[in-house]
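Data first, discussion second: the structure below is written as structure tokens.
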Amino acid sequence: MSDPHAPPESEVDTTENSTGLYDWGDNVDTSTFEQILEMDDDEDEKEFSRSIVIGFFEQAETTFMQIETALESKDLPKLSSLGHFLKGSSATLGLTKVKNSCEKIQHFGQKKDQEGIADEEDEDKCLKRIEETFKILKKDYVEAVNILKTFFGMSSQSECTEDGQKNLDSQPKVDNITAKATNSDTENNEERSLDDDIKGPINILGM
């Protein structure tokens, strides 16, 4: 028997999904992200999923610096490899917009169109497309970071899991990425002190 005092179905708020999150639009694939959350031993603390997200932050920021270096040296194969690398990590977390931009960089670095189908022999054109896509990627990344930090209640990226296995810098690198995404004309003046080696991508779901 229906409740006569219940609000009409059209007035019921359906913006929240099963994870209790607000509508993330096309930023996050909720079903993929829920698979990460299901691996947490404690649904309130979310230690495991939090550590995965923090690890992604580190990987993304390192990769961004390496993309800038590869752009300066016009190294298309390296750019393709970096795009492919970050595509895998972002796909594991369900960061759809970030993944899509990374995939385009991968294809442009292979001298293909954005779908990876048609050949493009003009390397300068490929580099220009990567530069343009990279700007979009950084903005997409900042959106994803803000969403994830809000969800996990992170006041800064230095917050980690309680086991203390990782300590990030007290000055969160993500703030530098945010500033660079909104001030692209100064991004080439940023200091770079990162290794050339790439850590393995986040891949805990066999994707």
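The backbone N, Cα and C atoms fix where each Cβ goes, glycine too.
Unlike curated entries, TrEMBL annotations are predicted automatically.
Over in TrEMBL, the protein carries these features:
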{"type": "COMPBIAS", "residues": "189-199", "note": "compositional bias 'Basic and acidic residues'"}
{"type": "DOMAIN", "residues": "45-144", "note": "domain 'HPt'"}
{"type": "MOD_RES", "residues": "His84", "note": "phosphohistidine"}
{"type": "REGION", "residues": "1-26", "note": "region 'Disordered'"}
{"type": "REGION", "residues": "160-200", "note": "region 'Disordered'"}
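All protein chains included, His84 (phosphohistidine) registers 17 other Cβ atoms within 10 Å of its own Cβ. Within the domain 'HPt' (45-144), the DSSP-based counts of helix, strand and coil residues read 80 helix, 2 strand, 18 coil.
Per-residue pLDDT, averaged across the domain 'HPt' (45-144), gives 95.
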